[in-house]
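Data block below; observations after.
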Amino acid sequence: MASLSVKPGQRFTLPDWQNNSILISADAEQQRYNSHHIRQEGRALRNETGNHARWDEHNSRTQLKDRITTVDRWRETLARLLTEIDLEIDALTKIKEAAENAIQAKNLCLDVAIECLTFRESRRDIDVVRDPVEEELLKEVKVIEKTKKELQQRVDDAFKQLCLLKEARQQLSLDHRHKVEALELDRQCMSFNHTSGNISFKVNPTRVPYGTTALSEWEQISQRNKELGEATLKASVDLRGAITLTIAQTNNELDAQRIATEFALRKRIRDMEAALNELRWQEQNTLEEIAEVEEDIRQLEEEIRKRTLDLKVAHTRLETRTYRPHVELCRDQAQFGLTDEVQQLEGTIRALQQKRTQLQDALDALYRQLHRIRTDIGYKTNSLQLDNKCMDTRKKLVIPVEKFDPEVDAVNRTRNLPRNSQLELA
């Protein structure tokens, strides 16, 4: 016979059961309410954090763009300055070479002036005179040395300025390179997104790296580099202008002095030619006078010879009449006449001899004067040749070396100059 099994344990009453159901329902509703509230809070937080993150990312991107724009503007400024400095370095180098070439040209001018002075040292005796040509040549030497000194100073200034330009360029180039690298990094940061393959967590990414500068300091450094480049550039442009002006002024000054020297030299040559013509005219006249004096001396000597013969005749007559005998030896009119004739002839011969002596002295003086004239002609001919040598030598200042064919031998002190250039007086 079957029996009912009785499960051991506590038995709950119906109200307990009902209360339990009610409690479960209430707890379920509370949990749903709590869950719903949390869900709403989660949605709100999700929306808020999403919007905030997107806004922060937008701000970061905008700030990166602004930073890229600022840095790129500075990069362009530095690149422009670098280009201008490169052009200025080339321009200053060329003007420096022009100044050096001008100095080299002045060396030719100095050599020519010294060569002319050396030529003129070969003048002789009275022609060794401090004339306007020598004064102008000495002035020319001083002017050339002065212009060379000024040009050399400009060359030294240009060299120093080139060093400053290159130093400024190095500084700007370094700053430009750093800004290019910064732009590349910031543009790389702009390209990062959720799908980028190289994003990852980093150790202490918010740290401040060693050597970090403040924005104001960065701006000051960039501005200082810019101002340094612009100031150096302006100083170089001003120096180029000063060098160009110096070259022009020295060229004009030397041209004026060269013209003055050559004017004095040409005038001296004309004066020397006039003096030579006058001396040759004097020589010719002196020669004619010598010929006439010599002829007069010859005629006087002939006259003296004739009067001597007459005196001999008179002496012989007087001597012969001393042999008259006795009373015939009387002082008759013939005796008185012969005596007067002898005295007259002796006085005549003495006067003729005295005049011959005077003419001989005059002839000797004429010969001495002729020698002096011919010596002076030699001096002036030599001086004229030397001045013509100077004029011929100075052709090197305006004639290309390859076309220059000197008419006289000259000391070649400019053989190291370029032979493919127009050697004009610069």
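Using the three backbone atoms N, Cα and C, a Cβ is placed for every residue, glycine included.
Of the given residue ranges 62-89, 230-257, 342-369, TrEMBL assigns the label coiled coil to 342-369. Between the stretches 134-161, 190-217, 386-413, TrEMBL puts its coiled coil entry on 134-161. Only residues 6 or more beyond the boundaries of the coiled coil (134-161), in the same chain, are considered here, and those with a CB under 8 A from a CB of the stretch are 92, 95-96, 99-100, 102-103, 106-107, 109-110, 113-114, 116-117, 120, 232, 235-236, 239, 242-243, 246-247, 250, 253-254, 257-258, 260-261, 264-265.
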